[in-house]
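S.K.: Below is one structure. I have some questions about it.
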Amino acid sequence: MLNATSAPTISYYDYIIVGGGTAGCPLAATLSQNASVLLLERGGSPYGNPNITNLAKFGAALSDPSPTSPSQRFISEDGVINARARVLGGGSCLNAGFYTRASPEYIRAAGWDGRLANESYQWVERRVAFEPQMGPWQSAVRDGLLEAGVLPNNGFTYDHIKGTKVGGTIFDRAGNRHTAADLLEYANPGGLTVLLHATVYKILFATKARPKPVAHGVVYRDASGAKHRAYLKRGLKNEIIISSGALGSPQLLMLSGVGPAQQLRAHNITVVLDQPMVGQLMSDNPMNAIFVPSPLPVEVSLIQVVGITQFGSYIEAASGENFGGSPQRDYGMFSPKIGQLSTVPPKQRTPEALAKAIELMNNLDQQAFQGGFILEKIMGPISTGHLELRTRHPEDNPSVTFNYFKEPQDLQRCVEGISTIEKVIDSRPFSKFRFDYLSVPQLLNMTASAPVNLLPRHYNSSQSLEDFCKDTVMTIWHYHGGCQAGSVVDHDYKVMGVDALRVIDGSTFNVSPGTNPQATVMMLGRYMGVNILKERLAKEDLAN
């Protein structure tokens, strides 16, 4: 890894990958075996940062709003506060660590070769996936799911199977996180250059005397603001590949002149290709949760168990002092500093309101945070939104709308998911981890009125679960779309209408894979790297 300030002003490579994230790292490692690769990452290194590497510190990176944070906060137009990665290893440096594959049906629908997909998952798993150690609280959630009818018991597996299972984790037995950046250990060092703090401003296209535009280079700036250019070497198979995530990839295409022409002209961007579907069909899987205080101490755990229901909701859980036991009181996924719970009207998104919410949390009795959250996320989702540019600066967040619960089926799945969580809370295996005097409606009220959000609460137990879902919607950071396969890229992930340019990451997904996308995003990086090298070798054989 090198700081981009040390890079030459002009350089040449066979492949230039923009984004050293969950897909970009395995892709770069694979391509480096037979080609020269430049991997450009706008963030820094994950190594040596305990907020990334230590399980007990989960939430600290997400609640750090500083310019050097590995997490960049954004607020969707729906009002839900969210985060995007800004670090080598991408979202795998920030997430709750759950590792699970996509279903065979998903793989078939994506048009992937099942055998190569399986080999690619295994390639990833040898470096970053582990079986979690199950503690009493997570075990009680598992047994409660089984009693609630989320059957059968599938034990520990990476596979996506209906019923209740223990999934993998990217945290090892010592609680250390292993990220997509670790997959760079597979790389050929002689074939790979990794530049940190390298922000790509645009992709360069050659357009003269060509049937369609051809990507041939990128412009990027280092941390000091100095401009660099990297170009593709001459060669029929050389390409630029964008792996900047569901926000970054459509944003970079637009900044480079590929996108809805009217929007590009509004920002004085020269239109290279009018592609109205760039930034469209954005989705975020809505998450809703119930906090359950416990009379007994509980283990620190992130997502380990999942109930994969028949009706299309996934039930998961997290517990322990990462929700309040640490001196920082970061409260994990539910920190007021992250500001996730509920929708926040623009006029109420003030530093003062946030400070008040944090103060309320800090004044709560420690026992209020002895317990955990049982949450549900819906599959899909069916509801979609869109992304638009705000400015021409690549470090600025674009405007994104997810339209949570716009489709009635999404809302119905949430209601059924919350109903299943209620059954888990009321189950015999879970009974020792809840107070008898707190009914499920009271727990719903507590969750809906908790000061982890900036909204006045109106929920009471006489209101509907539909209202609870809408009032307490938050992100689980599984947003996707914007460069979807079939509308922006073809099924080889080549951007339609231009040459020598692909997008390989979660922005190409139509629905989120499995119960957590990270395993499949890493797999896709490896899978496409292998396919691209096969294409390259076949072309070289023909040329010879």
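In case you wondered, yes, glycine gets a Cβ from its N, Cα and C as well.
TrEMBL annotations: computationally assigned, not manually curated.
What TrEMBL shows for this protein is this:
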| type | residues | note |
| --- | --- | --- |
| BINDING | Val87, Val200, Trp477, His478, Gly506, Pro517, Gln518 | FAD binding site |
| DISULFID | Cys414-Cys469 | disulfide bond |
| DOMAIN | 245-259 | domain 'Glucose-methanol-choline oxidoreductase N-terminal' |
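Are these features on the surface or tucked inside, and what touches them?
M.R.: Gly506 (FAD binding site): 27 other CB atoms within 10 A of its CB, across all protein chains.
Its Cβ placed at the centre, Cys469 (disulfide bond) has 23 other Cβ atoms within 10 Å.
Listed as Cβ neighbours of the domain 'Glucose-methanol-choline oxidoreductase N-terminal' (245-259) (distance under 8 Å, sequence separation of 6 or more from its ends, same chain) are residues 18-19, 21, 74, 84-85, 90-91, 200-205, 269-276, 278-279, 282, 387, 389, 392, 394, 397-398, 400, 479-483, 488, 495, 497-498, 503, 505-507.
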S.K.: What number of additional C-beta atoms lies within 10 angstroms of the C-beta atom of Trp477 (FAD binding site)?
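M.R.: Taking all protein chains shown, Trp477 (FAD binding site) has 23 Cβ neighbours within 10 Å.
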S.K.: Would you say which of the recorded positions Val200, Cys414 has the most Cβ atoms within 10 Å of its own Cβ?
M.R.: Cys414
S.K.: How many Å lie between the Cα of Trp477 (FAD binding site) and the Cα of Cys414 (disulfide bond)?
M.R.: 17
S.K.: Taking helix as H, G and I and strand as E and B in DSSP, count the residues of the domain 'Glucose-methanol-choline oxidoreductase N-terminal' (245-259) in helix, strand and coil.
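M.R.: Each residue of the domain 'Glucose-methanol-choline oxidoreductase N-terminal' (245-259) counted once, the result is 11 helix, 2 strand, 2 coil.
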S.K.: If you draw a 10 Å sphere on the Cβ of His478 (FAD binding site), how many other Cβ atoms land inside?
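M.R.: Step by step: centre on the Cβ of His478 (FAD binding site), count other Cβ atoms within 10 Å, giving 24.
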